[in-house]
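Colleague: One structure is given below, represented as structure tokens, and several questions about it will come after.
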Amino acid sequence: MLVIISAWFSLFVTTVLAPSKHLWALVTTQGFFIAFFSVHWFLLQDFNFSNSLFYIDKFSAPLAILTCWLFPLTMLASQSKIRLEPVNRQRTYIANSTFLQLMTLLAFTTSDLMLFFIFFEASLLPTMIMITRWGAQEQRLEAGTYLAFYTMVGAVPLLIWFTEFYSTHGSVFPTLTNTLHITQATMNYPGLFWVAYNLAFLVKLPMYCLHLWLPKAHVEAPIAGSMILAGTLLKLGGYGILRTSPLIQENTINQALPIMLIAIFGVLTTALLCLRQTDLKSLIAMSSVSHMNLVIAAALISSPWSYAGAMAMMIAHGLTSSALFCLANSFYERTNSRTMILLRGALIAFPLAGAWWLTIILYNMALPPTINFAGEMLIMASLYGWSPLAFLIVALNLIFTTAYTLYVLWTTQRSSLPKHIKTLYPYQTREHLLLFLHILPGFLLILKPELIFP
Ligand SMILES: *[C@@H]1O[C@H](CO)[C@@H](O)[C@H](O)[C@H]1NC(C)=O
């Protein structure tokens, strides 16, 4: 554990000292090494490896590995654009994204909830810097403000609750909760309490109604920012809910029924909203909201199946939406536009990229032999167990998901190239490799899905 964390720190050394010619190659290679060695956490998760600082169990290990895995991919993805900048800016870019991923990783693997809170909030800072410093348009400042305010407002009740918990029980180790026999003081409004202390996580995920910051942040962020945001930062919220849920005893679902309704409604609405988007990146962001609301619903049901579904969904979505952002970015780099109508006819120019689009979008749609399908199945099954009506509503979502999936595919791939496009440079091997490395884990995991089921 410590070895991998120190390897992460050595990335900073590489960033500062590497000769500018080999900077990206060195950082990416080192990232892949770290990712490779982090896979051994899968072996530790069954024994619930824990000490006073690190805690690896079936909730944290898959997400931690995902974080390590996405880092070299973000470096692969951002090379072509950032390389054109002065060397010092390249270095700060790499240092900032390393810092961001490191904070996320530490938040996933720390065993103390107070430290979790600190890392959870610390990830906000580099995200803000990435968006406001390397974003594309001037609206990025607004996006940064939204991000900061939503996140910080959510954080206050969480901090109060953690300190309160610490002062009554003298400890904030989730490992100890089995032995603590928590007796909750009877509260007047248990549902309100649930919402208040989970607000930080609900904002991060984000729940429908609190999601306003997400499309903005995604649209403005540079590619590495988008990938990390969709891939791992949103999962911090889901992880937080799953991790802290044993700390409150009562059956949560009846307390938080309004949240459940909002989540179910949000799944449908955001899927419908996707059909009305013109901006490719904001469509992908909306589809993230839709998927993450399913995770909220699953976390509220809190049965073994729904937890397994939520975990599978988070991992699958981390890979898929990150891949979708890579595809959107590769178009953006060539045409300088995110508007879908200006990207049409890409199949003629890039047939192989068309195949990637098809594959990844089918992943996003949760077609059977993918891990996305496993996650969605489990969540749907546990929803049915809770209420057949809720199941029916979410089943409608499948139709809308298919609809917007086809909508993306049709608008970007079909018909003829727009007239104003004169030059397009071909896809590089780097980009094909990047997309392949996103798809590969999603496929491999379905061969042994127990790895990510808690
Ligand atoms: C992030 O970027 C800012 C501004 O570009 C820079 O001042 C700062 O040192 C960077 N952070 C890290 C951790 O490198």
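Along the chain as shown, the residues are counted starting at 1.
Using the three backbone atoms N, Cα and C, a Cβ is placed for every residue, glycine included.
The domain 'NADH:ubiquinone oxidoreductase chain 4 N-terminal' annotation in TrEMBL covers 1-106. Marked as domain 'NADH:quinone oxidoreductase/Mrp antiporter transmembrane' by TrEMBL: 111-395. Residues or ranges marked as signal peptide in TrEMBL: 1-18. The transmembrane segment annotation in TrEMBL covers 27-47, 59-78, 98-120, 141-162, 192-214, 221-241, 253-275, 282-301, 307-329, 341-363, 383-410, 431-447.
Any idea what these are sitting next to in the structure?
Modeller: Mapped onto DSSP classes, the domain 'NADH:ubiquinone oxidoreductase chain 4 N-terminal' (1-106) shows 82 helix, 5 strand, 19 coil.
Outside the signal peptide (1-18), and at least 6 residues removed from its termini, the chain residues within Cβ reach (under 8 Å) are 26-27, 30-31, 33-34, 37-38, 49, 54, 56, 68, 91, 94-95, 98-99, 101-102, 105-106, 109.
With a cut-off of 8 Å between Cβ atoms, the residues of this chain six or more beyond the transmembrane segment (59-78) that come close are 4, 24, 27-29, 31-32, 34-35, 38-39, 41-42, 44-45, 93-94, 97-98, 101, 104-105, 108-109, 222-224, 227-228, 231-232, 235, 239, 242-243, 311, 314-315, 318-319, 322, 326, 329, 430, 433-434, 437-438, 441, 451-452, 454.
The list of residues near the transmembrane segment (98-120) in space but at least 6 beyond its ends in sequence, with Cβ under 8 angstroms from a Cβ of it, reads 1, 5, 8-9, 11-12, 15, 50-56, 60, 63-64, 67-68, 70-71, 74, 126-127, 130, 155, 158-159, 162, 165-166, 172-175, 200, 204, 228, 232-233, 236, 239-240, 243-244.
Same-chain residues lying 6 or more positions outside the transmembrane segment (192-214) and placing a CB less than 8 Å from one of its CB atoms are 120, 143, 146-147, 149-151, 153-155, 157-158, 161, 229, 233-234, 236-238, 240-241, 244, 248, 252, 255-256, 258-259, 262-263, 265-267, 269-270, 285, 288-289, 292-293, 295-296.
Note on the transmembrane segment (221-241): residues 59-60, 63, 66-67, 70, 73-75, 77-78, 81-82, 93, 97, 100-101, 104, 107-108, 116, 120, 123, 127, 130-131, 134-136, 140, 143, 198, 200-206, 214, 281, 284-285, 288, 292, 295-296, 299, 310, 314, 317-319, 321-322, 325-326, 329 of its chain, located 6 or more positions outside it, place their CB under 8 angstroms from a CB of the stretch.
Here the transmembrane segment (307-329) has long-range neighbours at 58-59, 62-63, 66, 70, 73, 77, 218, 223, 226-227, 230-232, 234-235, 238-239, 242, 280-281, 284, 287-288, 291-292, 294-295, 298-299, 338, 353, 356-357, 360-361, 363-364, 366, 370-372, 374-382, 431, 434-435, 438-439, 441-442, 445, 449, 452-454, meaning same-chain residues at least 6 beyond its ends whose C-beta is under 8 angstroms from one of its own.
Tertiary proximity for the transmembrane segment (383-410) is limited to same-chain residues at least six positions away from its ends with a CB under 8 Å from its CB atoms, namely 253, 260, 264-265, 267-268, 271-272, 274-275, 280, 283, 287, 290, 294, 297-298, 301, 303, 305-306, 340, 357-358, 361-362, 364-366.
Beyond its flanks by at least six residues, the transmembrane segment (431-447) meets 69, 73, 76-77, 315-316, 319-320, 322-323, 326-327, 330, 352-353, 356, 359-360, 363, 369-374 of its own chain at Cβ-Cβ distances under 8 Å.
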Colleague: Excluding the flanking five residues on each side, which residues at least 6 beyond the ends of the transmembrane segment (253-275) place their CB within less than 8 Å of a CB in that stretch?
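Modeller: Beyond its ends, the transmembrane segment (253-275) has Cβ neighbours at 190-191, 193-195, 202, 207-209, 211, 283, 286-287, 289-290, 293-294, 296-297, 300-302, 386, 390, 393-394, 396-397, 400-401, 403-404, 407.
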